[in-house]
Amino acid sequence: KFRLAPEEVAALQSKHGVGEDELLSRLLGPAAELARPPISSFHVGAVGLGSSGALYVGVNLEFARLPLYNSVHAEQFLLVNALHHGEREIRQLVVSAAPCGHCRQFYSELACAESVRFSFQGGNYSLGQLLPMRFKPADLLPDPATPLLLQPQDNRVQLTATARKLLKARAGDAAFERAAAEALAAAVGSYSPYSRCPSGLAIVTQAGGVYSGGYVESAAYNPSLPPLQTAIVAAVIDGMPYTAVDEVVLVELADGQVQHARTTRVALKKIAPHARLTVLPAEWAASS
């Protein structure tokens, strides 16, 4: 289970007579068993608490026969998990190994970056201790009021006429229509303050299930997570095997400087070679 509601967390604490720190530590081992690392066979788990009191689990994902940069780190998985559930802050994070520099930089995108606490190897650390003098969103964003990661986003994009024709051609395909709607919603809610190229992606399974996710950027660029990976996180949370992927629907700007169609197609050939990729071009909505 990748998320526990606040009342479930409280019940476990009461049942075992432990505090938050001890509970998170006890769940770390079972969490790591959920990882999917076919390349390294190195299972990493992360367990965190949100300001809502809910508990989130993260694990590392690797994809065989693809470059390592396609991987999702456990700490990233946890943040995307929290994002999928509408969590606004992460208060505490317990990890099975010291977070790599990649993840330390990724957590710099949080509005709560200064207060989040990392626990590992018996110690507790702030992000400032783990990554002093770090490159921050404020170094690139001119407006200090720009919403950061886990805060509500509102990218006012819409499908182009070309995309609407593609939708019309598949009218009556309920799973595809739902996927298109979720991919667009994911693009609207994606975190892309640096490139201004929002995008969203939805996975359709052979059973008609739909899992979606939006692009998540980092000020350092390379730690950014493409929408395919954030949608895969949603699918893994529900236990979906990659072989169940039937179609992928991607919504991205037709003229965006950052696009994911080509890299998504390459990744799918290895992750789910029989999956169909449909790209729905988007555009900025006219200002009212």
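Cβ atoms are placed via backbone N, Cα and C, with glycine included.
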Identity of the Zn(2+)-site residue among HIS16, HIS43, HIS73 (reference: CYS100, CYS103, source: TrEMBL): HIS73
Largest tally of Cβ atoms lying within 10 Å of a Cβ, found at which of the binding-site residues LEU61, CYS100, CYS103: CYS103
Packing count at ASN60 (substrate binding site) (other Cβ atoms within 10 Å of its Cβ): 23
Cβ contacts of GLU62 (substrate binding site) (under 8 Å, same chain, 6 or more positions away): ARG36, PRO37, PRO38, ILE39, SER40, LEU68, ASN70, SER71
